[in-house]
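Structure record follows, encoded as structure tokens.
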Amino acid sequence: MTELRQRVVREDAPPEDKESESEAKLDGETASDSESRAETAPLPTSVDDTPEVLNRALSNLSSRWKNWWVRGILTLAMIAFFFIIIYLGPMVLMMIVMCVQIKCFHEIITIGYNVYHSYDLPWFRTLSWYFLLCVNYFFYGETVTDYFFTLVQREEPLRILSKYHRFISFALYLTGFCMFVLSLVKKHYRLQFYMFGWTHVTLLIVVTQSHLVIHNLFEGMIWFIVPISCVICNDIMAYMFGFFFGRTPLIKLSPKKTWEGFIGGFFATVVFGLLLSYVMSGYRCFVCPVEYNNDTNSFTVDCEPSDLFRLQEYNIPGVIQSAIGWKTVRMYPFQIHSIALSTFASLIGPFGGFFASGFKRAFKIKDFANTIPGHGGIMDRFDCQYLMATFVNVYIASFIRGPNPSKLIQQFLTLRPDQQLHIFNTLKSHLTDKGILTSALEDE
């Protein structure tokens, strides 16, 4: 009887009410049915894509030990590849970061597309990739202008693009925004806005933080290599400690994570960070920022190392002196900063992985993709790296970076002659009042 009354009420409703009710029903179905449809959608699931050679060699092992060896062998292969791209230099590293960014974006967007593909959303994938292009143009254009100012000012096309960079970026984004509005379909309004938000959050997580990775790299390769290596070390050591000694679950989002692995990974990462920092601080190619040399028409990483990368003597606290018998220790100041980096990599960095685990559980998938056997997708390997990159960038800006004289000089040389003369007279007057200029002339 209740159903009959509801049908009568619906039939007696005015046309406008019926239309709004049907819209609400469609929207409600979109919101409520998304989870149920996601269960049947062809999501990227984890499959056994282990190379046939490894499958044969490890066929007699249990699944636990087979996974151990597969992960171990491919981890060593990835580390070897990491060494190769480091050897090739910062510009190749920048290209690799961009490729990783594109692949991570593809993996996340593909999950959304596979979940909602049955709705046949117009222009979803096209607009997602278009917005990726727009955001990359904005961020990398800013980076090139900031770090390679001399090169940009020398080339006429680059100078024009640099001058109007933000306007061009805004125009590109506005075009995509208008395309999205024009693609709206009445029965999919709510879901289309869901996916619009999905794309923009993905851009925020992937592209913005990839941009920060590039910034860290240009400050000196050591600011790129040490943080990434600390995250890799923590991932490996936490897995090893958890594999052999793990008994106590750490977090429900990742049932395989244990307190033993978490704590063991922390101490191992701090020691590793100190040792790696000591080795790298002695090489100019690692500690010098990437700069464009106008004379040689090339990018260089040669400079006079700052105090951060010069050995200094530190007094050891009395309590520790009695234990080890040393009163002082010689180390690089950067090693002290490496403790902060390795601590973040091992204590806070894993929460990037936990966040990714929650995301995957929400969509009932094991991995983002099957790109790397035993490891999942590229995003599965970089979920902690992006959080680490943001921390390093903030750390450099807050505690390390100061005014850059070379950048100031480059900007000074682009001014008009009258502006240069005004700055010269102001600076001369300031130095004379301070007694610096007079003292310098007397010394000569």
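Heads up, the Cβ atoms here are built off N, Cα and C, so glycines get one too.
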Here are some residues: S36, S46, S429. Which is flagged as phosphoserine in Swiss-Prot?
S36
Return yes if the transmembrane segment (78-98) and the transmembrane segment (212-232) have at least 3 CB pairs under 8 Å (sequence gap of 6 or more), otherwise no.
yes
Taking 129-149, 165-185, 212-232 as candidates, which has the most Cβ pairs under 8 Å with the transmembrane segment (261-281)?
212-232
